[in-house]
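Some notes on the structure that comes next.
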Amino acid sequence: MSTTAARAAIQPTITATLGAIFIGFALACTVYGIVITQMFMYFRSYPGDKFLFKCVVVVILVLETADQALIGHMLYYYCISNFANLTALLQARMTWSLILQLTAGAAVGCIVKGYFAFRVWRFSSRNIWITGLILLLTFGQLGLALAYTIEAFKLPDVFAVHELRTLGTVSLGTGVATDIVTAVSLCYFLNRLRTGLKSSDSLVNNLCAYAINTGVLTSTVSVATLVLYNGVGGMNLYFVATYFILSKLYAISFMATLNTRRTIRGRGTDAQGGATTNNTNMFHLGTRLPSMAPTDLNQWDVVYPPALKTQDDYQEQPELKYNAAYFPGSHDKPGAQIV
């Protein structure tokens with residue numbers, strides 16, 4: 001039986017099509033709300049953070065907002081513009097919004113994976129081989145996603161995406177491999193930084209746990225998408241319910257990394273001007289030292305929002321304790337200590 005005849009014999013259902021799109025949109029709205037909340041927390045907690053970080057956060061915000069709007073357009077097209085139009089449902093004409101949503105999600109994933117690749121480069125003392133492998137997988141998946149996007153514009157309807165099963169599977173599989181290699185590499189090189197001191201070793205354990213949890217979360221959703229894409233027969237769109245949230249999970253992992261720079265050790269230091277010290281901050285792309293050493297662990301969470309100038313300013317913000325001591329490199333300006 002030909003592919004066309006087989007598809008004609010199996011008619012799509014509301015549950016397997018519009019139901020899957022609606023569930024995916026609802027989940028995406030929820031996760032998008034978490035992303036927005038984390039970004040709000042970031043700009044509020046780190047007003048003096050590096051300009052590069054702020055630019056990356058804004059770019060991710062724009063891409064995720066566009067991604068969410070594209071998903072909403074697809075749902076609007078089928079549920080509102082073609083309400084009760086069974087012909088439109090059966091034809092399932094491919095919408096440009098669904099195709100471009102794939103590109104927006106792939107771009108977010110590439111940015112976040114590139115950032116984590118830089119962290120591996122830092123912790124591995126500039127190991128170009130493992131970092132190069134991660135970047136190769138990252139940009140390889142982006143290229144596959146772009147190829148998928150181009151081919152999708154040639155498809156007659158939404159259900160024909162299953163004809164691109166091989167390309168889609170390789171793309172998602174590459175993403176899973178990237179997440180696993182990144183998590184394993186971070187854990188391996190972090191464990192090499194152990195000093196035997198309880199404080200630094202505890203920090204290493206926390207960072208390893210975070211790297212593993214981040215990789216497991218995104219990999220699990222990618223695998224679930226693969227299973228629904230390849231393992232569920234018939235004319236359905238079940239796989240979009242999980243794919244719609246995948247890029248947002250990458251955005252959450254990136255924002256969580258930025259927002260936990262202070263809280264992961266329960267302390268932090270503030271000074272004037274937004275500049276960094278000579279000690280490595282492992283979460284900063286632009287730190288002065290290119291790699292980590294065991295002695296750097298004690299200073300990894302040093303961050304610098306604008307300093308308060310008078311003791312009255314500290315009284316207005318009880319979470320800061322006034323400290324008359326001067327911080328090195330702060331040009332003899334008083335500082336604050338988070339308590």
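If you go along the chain as it appears here, the first residue is 1 and each next one adds 1.
Positions of Cβ are set from backbone N, Cα and C atoms, glycine also.
Per TrEMBL, these features apply:
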TRANSMEM  20-43  transmembrane segment
TRANSMEM  55-78  transmembrane segment
TRANSMEM  98-116  transmembrane segment
TRANSMEM  128-150  transmembrane segment
TRANSMEM  170-191  transmembrane segment
DOMAIN    176-262  domain 'DUF6534'
TRANSMEM  203-229  transmembrane segment
TRANSMEM  235-258  transmembrane segment
Note to self: Should anything in the same chain at least six residues away from the transmembrane segment (128-150) have a Cβ under 8 Å from its Cβ atoms, list it; otherwise answer none.
What the structure shows: 99-100, 102-103, 105-107, 109-110, 113-114, 116-118, 120-121, 164, 167-168, 170-171, 174-175, 177-178, 181-182, 185
Item checked: Within-chain partners of the transmembrane segment (55-78) [C-beta distance under 8 Å, separation at least 6 from its ends] -> 17-18, 21-22, 24-25, 28-29, 32, 35-36, 39, 42-43, 88-89, 95, 97-98, 100-101, 104-105, 107-108, 111-112, 115, 244, 247-248, 251, 254-255, 258
Next item on the list: With Cβ distances under 8 Å as the criterion, find the stretch in 20-43, 98-116, 235-258 that has the most pairs with the transmembrane segment (170-191).
Entry: 98-116
Note to self: With helix taken as DSSP H, G or I, strand as E or B and everything else coil, how many residues of the domain 'DUF6534' (176-262) land in each class?
What the structure shows: 72 helix, 0 strand, 15 coil
Note to self: With Cβ-Cβ distances below 8 Å as the criterion, list the same-chain residues six or more beyond the ends of the transmembrane segment (20-43) that contact it, or say none.
What the structure shows: 49, 54, 57, 60-61, 64, 67-68, 71-72, 74-75, 78-79, 236-245, 248-249, 251-252, 255-256, 258-259
